[in-house]
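*Asks:* In case it's useful when we look at the structure, here is the feature table from Swiss-Prot:
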type: TOPO_DOM; residues: 2-30; note: topological domain 'Cytoplasmic'
type: MOD_RES; residues: Ser2; note: N-acetylserine
type: TRANSMEM; residues: 31-51; note: transmembrane segment
type: TRANSMEM; residues: 53-73; note: transmembrane segment
type: TOPO_DOM; residues: 74-92; note: topological domain 'Cytoplasmic'
type: TRANSMEM; residues: 93-113; note: transmembrane segment
Amino acid sequence: MSASVLSVISRFLEEYLSSTPQRLKLLDAYLLYILLTGALQFGYCLLVGTFPFNSFLSGFISCVGSFILAVCLRIQINPQNKADFQGISPERAFADFLFASTILHLVVMNFVG
């Protein structure tokens, strides 16, 4: 069973590295960074506590919101989804991402106090 799992993972990595555009790989690295940051914050919350609760909540909401916005950007700029987003150029999708991220972080900073 482990051999089949390893073969699936190696085939996935080969296809990902060969067929995924550089823009999407960069965005995937950003998504991994946000995911690890959120997991680190949650682990810190479990181990140490949530004394400044607003700060923890703001940071975690920022991670979750940023992850969701980045996934939406990835879906919109993926060349395989070109038919679904005919009226939206990659530049427009990125501008929408920047605008939504700015609003998200303004709300998060307001929540911190």
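Heads up, the Cβ atoms here are built off N, Cα and C, so glycines get one too.
What does the local environment look like for each feature on the list?
*Replies:* Within the chain carrying the topological domain 'Cytoplasmic' (2-30), a Cβ under 8 angstroms from the stretch's Cβ atoms is held by residues 70, 73-74, 77-79, 90, all 6 or more beyond its ends.
Of all Cβ atoms in the shown protein chains, 6 besides its own fall within 10 Å of the Cβ of Ser2 (N-acetylserine).
Sequence-distant neighbours of the transmembrane segment (31-51) (same chain, 6+ residues past either end, Cβ-Cβ under 8 Å): 59-60, 63-64, 66-67, 70-71, 74.
Residues 27, 30-31, 34-35, 37-38, 41-42, 44-45, 93-94, 96-97, 100-101, 104-105, 108-109, 111-113 of the same chain sit 6 or more residues outside the transmembrane segment (53-73) yet have a Cβ under 8 Å from a Cβ within it.
Secondary structure of the topological domain 'Cytoplasmic' (74-92) per DSSP, as helix, strand and coil residue counts: 10 helix, 0 strand, 9 coil.
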*Asks:* Summarise the model's confidence over the topological domain 'Cytoplasmic' (74-92) as a mean pLDDT value.
*Replies:* 91
